[in-house]
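Enquirer: My structure is below; once you've seen it, I'll send some questions.
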Amino acid sequence: MSKEIAKKRIEELRDLLNTFNYQYHVLDNPSVSDAEYDRNMQELIKLEAENPEFMSEDSPSIRVGGTVLDIFEKVTHKSPMLSLGNAFNEGDLRDFDRRVRQGIDDANVRYICELKIDGLAVSLHYEKGRFIQGATRGDGVTGEDITQNLKTIKAIPLRLNEEVTLEARGEAYMPKRSFVKLNEEKEQNGEDVFANPRNAAAGSIRQLDPKIAAKRNLSMFVYGLANVEEKTIPSHSESLDYLGELGFKTNPNRRTCETIEEVIAYVEEWQEKRPHLDYEIDGIVIKVDDVALQESLGTTAKSPRWAIAYKFPAEEVVTRLTGIELSVGRTGVVTPTAELEPVRVAGTIVRRASLHNEDLIREKDIRIGDYVVVKKAGDIIPEVVNVIFDKRTGGEEEYHMPTHCPACESELVRLEEEVALRCINPTCPAQIREGLIHFVSRNAMNIDGLGERVITQLFDADYIRTFADLYSLTKEQLLQLERFGEKSATNLVQAIENSKENSLERLLFGLGIRHVGAKAARTFAEHFETMDALVKATEEELKAINEIGEKMAQSVVAYFDNEDVLELLQQFKEYGVNMTYKGIKIADLQNVESYFAGKTVVLTGKLEVMGRSEAKKKIEALGGKVTGSVSKSTDLVVAGEAAGSKLAQAEKHNVEVWNEERFLQELNK
């Protein structure tokens, strides 16, 4: 076959396969058999392999998955991916309608209602009609680049029907039938199954190997335009129509409503129809349709005033409580957990539910053998709502909390003003294991690849008992563990080695000193600069620090007044673990050349590691100015958790937005 003929045939096959994909995955109306589709795809793959000069980034063959990635790169969203306020009942919907009408002086308002897909929110960027990048929502400001995995989803067009530059947003999901098939395969292979389709979709789309994502048969509904060049669309419903014309898959079950009564009827209708869909939904999204009215209504500190998400009521089911299991946390708190006959709740098989503490068991008169009502709090955490007393037979057993720790047999105590029972044995194995999990966590030593499963393996193999033991681990030891190969063992040893360079505040937080969170750990690290100086500090010296109270000061002094702790710190020194503060102190900032010099910065939302007052002081010490509102003169918005209206203002004025992690990186340069 000549090059000219090969090129022509490749183009024909691409057009043909793109048409087949659109008919099957967007229109849900296939025109050919799977066998015919596969024959054409294999012919295309063969021709492209023989003629690599004709390979294209938007070829349908890309969808089978490409090169394995090492990491997901971070992506800052051009405009923040904000969350919506919630409605839980008819009254909440009517309140929303009242607020909307008041905000626009009772002008005529039309709503558009859409199914709230229970999947993974993603953004899709197109340049002149070509798909160039896709990202997860992340924290709303910064997500992860998952472009290669999104290319495997056949409902996402690689090239649009117009050469337009835009950003579309939507929800990637796994159809129920694909979820069932995937879990059946996992069970046959002896692997852990996914709890629900949402977890399966999220787990699939974040695979470093795109070939795995390609096999998972994911799909996607696009629900909005975030940015589109040189085009004004007057309503949300028209933007959805436009997205459909471009080749995107939009949900066909949307409806425009003239009154709140019509909205409520739509909600009730889909609450009934919900089980018959081939994908999970967890509510209804209601938006003011007119874009001009949306802009007039604006946003609150947390969410837009022109939209709300109605959340379906938490599903409640009845099952039998077969036992009560106890767990011991890193601080020694003993927590009871109900063991249940397996039951499906909100799309997940539930076998356990929280009982919180002994007082709750007494208050609800929960007994082993009872039939109980179980629901998911916020559709996330299973909990026992109440006992069905009419089903009691007399054979149920009252439950009494033990007097001794289930992990180490030490006597349990109830500290003053505390509801929970606590094990105060510092050598309790359960506390040690949980403490190790905390030590390696993200806000502590942040050791990549070392999570709960691996810590448990290492602990059970008796390789680790103290934090310092982590730094003596060898590749040979790791290779003895299940699921560890040469590469993963080498990577973990290197990650542990890298953690030695962390700044003091991470180590302090990782130690798990009672009452000392990430923010307090940073305060101590910046104030004392070295671990040795903090160890020698008195209670009075600690209390003299701004925002450090008596309880925390006493806890820190008591922690370091312990020979085992001092021995641990000595081991850290011998292993080369850094125990000094590497950040910049406010007193030293005046002499530093900084990005912030001359910049106007706005802080919004909750900053976890560094409080807003401390962040303000540091920015000002670096020559920046912190203001309370976003305007055209603002250079940067730093957004923490629950950031709201200021993000919308940043988008309006085209102001750069950083999350806290990016902000801290710049401060510590």
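For all residues, glycine too, the Cβ spot is worked out from N, Cα and C.
What Swiss-Prot shows for this protein is this:
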type     : residues                                                                                : note
ACT_SITE : Lys116                                                                                  : active site, N6-AMP-lysine intermediate
BINDING  : Asp34, Ala35, Glu36, Tyr37, Asp38, Ser83, Leu84, Glu114, Arg137, Glu171, Lys287, Lys311 : NAD(+) binding site
BINDING  : Cys405, Cys408, Cys423, Cys428                                                          : Zn(2+) binding site
DOMAIN   : 591-669                                                                                 : domain 'BRCT'
Enquirer: To the nearest whole angstrom, state the Cα distance for the pair Cys423 (Zn(2+) binding site) and the residue listed as 'active site, N6-AMP-lysine intermediate'.
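Expert: Taking the Cα atoms only, Cys423 (Zn(2+) binding site) lies 44 Å from the residue listed as 'active site, N6-AMP-lysine intermediate'.
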Enquirer: Using DSSP and collapsing to three states, where does Glu36 (NAD(+) binding site) fall: helix, strand or coil?
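Expert: It is helical.
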Enquirer: Write out the long-range same-chain contacts of Lys116 (active site, N6-AMP-lysine intermediate), meaning residues 6 or more apart in sequence whose Cβ is under 8 Å from its Cβ.
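Expert: Listed in sequence order, they are Ile281, Asp282, Gly283, Ile284, Val285, Ala309, Tyr310, Lys311.
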Enquirer: Within the chain of Lys287 (NAD(+) binding site), which residues six or more apart in sequence place their C-beta under 8 angstroms from its C-beta?
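Expert: Tyr111, Ile112, Glu114, His236, Gln294, Trp306, Ala307 - these are the non-local Cβ neighbours of Lys287 (NAD(+) binding site), listed in sequence order.
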Enquirer: Would you kindly give the Cα-Cα distance separating Asp38 (NAD(+) binding site) and Cys408 (Zn(2+) binding site), rounded to the nearest Å?
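Expert: With distance taken Cα to Cα, Asp38 (NAD(+) binding site) is 60 Å from Cys408 (Zn(2+) binding site).
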Enquirer: Cβ within 8 Å of the Zn(2+) site centroid (Cys405, Cys408, Cys423, Cys428 excluded): which residues?
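Expert: For the Zn(2+) site the neighbour list reads Val328, Gly332, His404, Pro406, Ala407, Glu409, Ser410, Leu412, Asn425, Pro429, Ala430, Gln431.
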Enquirer: Leu84 (NAD(+) binding site) to Cys405 (Zn(2+) binding site): how many Å between their Cα atoms?
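Expert: Rounded to the nearest whole number, the Cα-Cα distance is 44 Å.
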Enquirer: Can you tell which of the binding-site residues (Cys408, Cys423) has the fewest other C-beta atoms within 10 angstroms of its C-beta?
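Expert: Fewest other Cβ atoms within 10 Å, among the binding-site residues Cys408, Cys423, is found for Cys408.
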Enquirer: Limited to the domain 'BRCT' (591-669), I'd like the whole-number average of pLDDT.
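Expert: When the pLDDT values over the domain 'BRCT' (591-669) are averaged, the result is 83.
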